[in-house]
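According to Swiss-Prot, the feature Ni(2+) binding site maps to HIS100, HIS102, GLU106, HIS145, an assignment based on sequence analysis. The Fe(2+) binding site annotation in Swiss-Prot covers HIS100, HIS102, GLU106, HIS145. Per Swiss-Prot, the feature site 'May play a role in transmitting local conformational changes' maps to ASP105. Look at Swiss-Prot and you will find ARG108 tagged as site 'Important to generate the dianion'.
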Amino acid sequence: MAILKLEDGTIYTQLHDISRELSSLNIQLNHWPVGDNLETHNLLEKDVLSDDQKEEFLQSVDHYFEELKETAGYQSRDLLAIHPEIPNLDAILSKFDKCHTHADDEARYIVAGICIFGFVRPDDSQVELTLQPQEYINIPANTEHWFYLTPEKRVKAVRYFSSTEGWTPHYTSTEIHFKKS
């Protein structure tokens with residue numbers, strides 16, 4: 001269940017409330033079940049997956065990818081598996097914990113773990129959205145945002161791409177009003 005936190009401390013957990021608060025950004029948020037396949041769930045329990053295991057998992061949820069290809073023109077996908085044992089993880093994550101934008105939409109399907117996206121709304125107020133397993137988010141191109149993990153530093157996410165050129169972060173000078181949880 002997604003959790004949206006406003007700067008004044010207000011917290012929303014109902015999808016209709018979260019959607020209302022994010023409507024000015026045109027962010028899409030959906031609940032996408034992973035399914036009941038035991039092997040799929042076993043793969044999600046592992047920190048490190050081989051390329052073959054990643055592909056096996058991706059194929060188990062490809063019905064979502066097929067829908068995105070048809071409706072939004074996505075061309076490829078991969079499975080990102082972040083865990084604390086990744087060398088230089090903090091340096092890698094530091095590329096995304098500052099306000100930035102991307103030239104393309106950022107589409108993520110969180111399948112394990114927890115992550116936080118923060119957003120700057122058109123009125124310059126800020127919100128933070130905690131995403132949990134089985135939640136899909138699409139952040140439109142040029143939306144000012146940041147990203148970080150919980151202290152556990154574990155997340156698995158399917159990333160959907162319409163191209164790879166638009167994934168370079170373009171940093172802004174906006175100061176983040178929230179403190180990392």
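The backbone N, Cα and C atoms fix where each Cβ goes, glycine too.
A straight line from the CA of HIS145 (Ni(2+) binding site) to the CA of ASP105 (site 'May play a role in transmitting local conformational changes') spans 12 Å. Other residues of the same chain near the Ni(2+) site, with their Cβ within 8 Å of the Cβ centroid of HIS100, HIS102, GLU106, HIS145, are PHE96, THR101, ILE139, THR143, GLU144, PHE147, PRO169. According to DSSP, ASP105 (site 'May play a role in transmitting local conformational changes') sits in a coil region rather than a helix or strand. HIS100 (Ni(2+) binding site) is 17 Å away from ARG108 (site 'Important to generate the dianion') when you measure Cα to Cα. Taking Cβ-Cβ distances under 8 Å and a sequence gap of 6 or more within the same chain, the neighbours of GLU106 (Ni(2+) binding site) are ILE137, ASN138, ILE139, THR143, HIS145.
Of all the Cβ atoms in the protein chains shown, 17 others lie within 10 Å of the Cβ of HIS102 (Ni(2+) binding site).
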